[in-house]
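Taken verbatim from Swiss-Prot:
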BINDING   G7, A8, G9, L10, A11, G12  FAD binding site
Amino acid sequence: MRITVIGAGLAGVEAANAITKFGIKVRLYEMKPKKFSPAHKQEGFAELVCSNSLKSKLLTNASGLLKEEMKLFGSIVMEAAYNTQVEAGQALAVDRYLFSEYITKKIKQNPLIEVIHEEVTEVPRDEVVVVSTGPLTTESLLEDISKLCNSKNLYFFDAAAPIVLKDSIDFSKAFFASRYNKGTDDYINCPMTKEEYERFYYELVNAEVIEVKDFERDLLFEGCMPIEEMAKRGIDTIRFGPLKPVGIIDPKTGKMPYAVVQLRKDTQDGRLYNMVGFQTRLKWGEQKRVFRLIPGLENAEFVRYGVMHKNSYINSPQVLTKFLSLKKYPNIFFAGQITGVEGYLESAATGIVAGINAARYVLGRAQITLPPSTCIGALIEYITTPKKDFQPMNANYGIISIDEEIARIKDKEKRKLLIAEKSLSVCREIANQIF
């Protein structure tokens, strides 16, 4: 028995590591050092191409909970992180070179893993495979993946607006309404006066943006312009675009506002709302500063900031099962950023689940799902649940399912700790049954 894993990034090494725990051999393909993507520089596995931080260690942060869940499932990424960490306060940061070296050595020393340094241009249809090729998958392999998934279910870049926790919105200023009172009042509206709009506008057009990489320069011309770029065309451009107030009446004044920012429900339970038309390249700190100038969002809690970057990913809700296998090919699994998760640990976590399920598929055992009351389970639930506009998602407490008892707790810190406690109890039980 052998399983093929394509790509030795964070998801790929986790998948390979998880598979070997079942005594199954792995053939791990990695095109480096023969070929590099535009973002990669190191020859080793699990290269951290952006920050060297794996975010917070605190359980009151979803990233902290995700770390603890991953540890319960024998994560090689978490093992490497704690063995190569550098001082970073309450965050877990690593020496990126030692981190990659640690994982590369561990994988290459595993007698069940055969490493092949070659580019894969086609996904085998008749083998059990885990595809974990990342957001910069090569064009030739993407072409084959488009055949597997149908080309309309393949995306080539992110253009995601910020997502806000509904509980953090000030409804003494914001209100529910639909344009022209048509249909149900599905949108949260944040009205602006002329003075408020102009203040927001000038801060928006002068805010710091993320530098555009050479291989991303065409994104601004793909029909999805960042809000700040649109604003630079003229002071009224966005007021006649995503912030147009036509058809909306502020119930407090009985009049149409000068401008309106709308938020649309992002999850079925209505706990998360996305800012309509706010795709952006602003730096995250700038997004928090500038978007909190919007009336009603002064204390907004952003569970995901807006992004626009090159990022190849599949339409997971349409093509993947809850086991992370293709609906059309149950022997082919996907993991990592190519599934539509966002972030280092999020990618690694899906690698663990895909690896476990690929192994159990080979062994003829029932595959596993983690409940959405866990962080890993909530992420997979999010990327495999049908939605109109699927955009990548990172770990956050807003997507984790909670019961009425927890929902009644007003203290946010206490509520998060209770969610974490229940989640880890469930993960511990499942992990003990698996391994």
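Just so you know, glycine gets a Cβ as well, placed from its N, Cα and C.
Since we're looking at a predicted model, the values are computed, not measured.
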Cβ neighbour count (within 10 Å, all chains shown) around L10 (FAD binding site): 32
Among A8, A11, the most crowded of the binding-site residues [Cβ within 10 Å]: A11
Shell list (FAD; ref centroid = CB of G7, A8, G9, L10, A11, G12; cutoff 8 A): V5, V13, E14, A15, F45, A46, S132, T133, G134, A335, G336, S347, G351
